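The block underneath contains the structure these notes are about, expressed in structure tokens.
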Amino acid sequence: MQSALLRFYDGSMTIADVGSTITALDRSITLALNQLVGQSPIFDLLVFYTADMNLLKGVPFMAAAWFLWFHRGGAARPHVVNLMIIALLAIATARILQLGMPSRLRPLDDPTLALALAAHVTHDVLHDWSSFPSDHATMFFAMAAALVPVSGRLASLAFAWVAIVICLPRLYLGFHYTSDVIAGAIIGIVVAFIYLRLPVQNLTRWILKLSVRLPGLFYAGAFVFTFEISFLMGDVRQLGMQAVKLLHRLTS
């Protein structure tokens, strides 16, 4: 680590050096957090349920979206539409990167780390999913960024909630390395930043008109969509995985 820092300061650090340094930092942070696992079974259980409970992850964001939709005569509805689209784009981006990049083993599955596992955590958890980038960090940081035009205070609260309640437990349990979460956060914020600066007013207006012209169809679809977002599009992703497996079997 010290030699890498010296190379950084004298300008001789290569991309490989950067990768090695990040990996070393990831492992050090993961091992440091893992020292706390097992010290208090009750705390471990609390962290596990916090990480596992969608009521503390997607549900607060969707509840806020529905509140904003009807608040003050619906003045924030264009921002809510942007929030929903950004959430979809963020999770799609994270999944494309996970599938397109070399798979990264999760910390809890790395035998060289030999992590102690918290209660209810097994090696079968998320074993089919690449660790990088964190899809949780990508989607929820994107949604937090999408709230900035609505309220800076609300966005700040959302950023803090994502970092402390959603992402930190996943680091503690060994689901992700720190760089997985940081990369996911950056990707999510960039997705929101780019989308909010695109000329998408016509799309937003079309969706808002649809909510007036066909309210039954719109709100039925909005309910299903926000339900799936609350669960990180879990059903849709599982359906996609099964479809890919079926296609592979049919073509092999």
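Cβ coordinates come from backbone N, Cα and C, glycine included.
Features reported for this protein in TrEMBL:
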type	residues	note
DOMAIN	82-196	domain 'Phosphatidic acid phosphatase type 2/haloperoxidase'
TRANSMEM	46-68	transmembrane segment
TRANSMEM	80-101	transmembrane segment
TRANSMEM	139-168	transmembrane segment
TRANSMEM	175-196	transmembrane segment
TRANSMEM	216-236	transmembrane segment
Within the same chain, where does the transmembrane segment (139-168) have neighbours whose Cβ lies under 8 angstroms from its own Cβ atoms, ignoring anything closer than 6 residues to its ends? I mean 6 or more beyond. 50-51, 56-58, 60-61, 64, 68, 76, 79, 82-83, 86-87, 89-91, 94, 176, 181, 184-185, 187-189, 191-193, 196, 232
Within the same chain, the residues 6 or more beyond the ends of the transmembrane segment (175-196) and with Cβ under 8 Å of it are 22, 25-27, 29-30, 51, 82, 85-86, 89-90, 93-94, 97, 104, 106-108, 125-126, 131-143, 145-146, 149, 162, 167
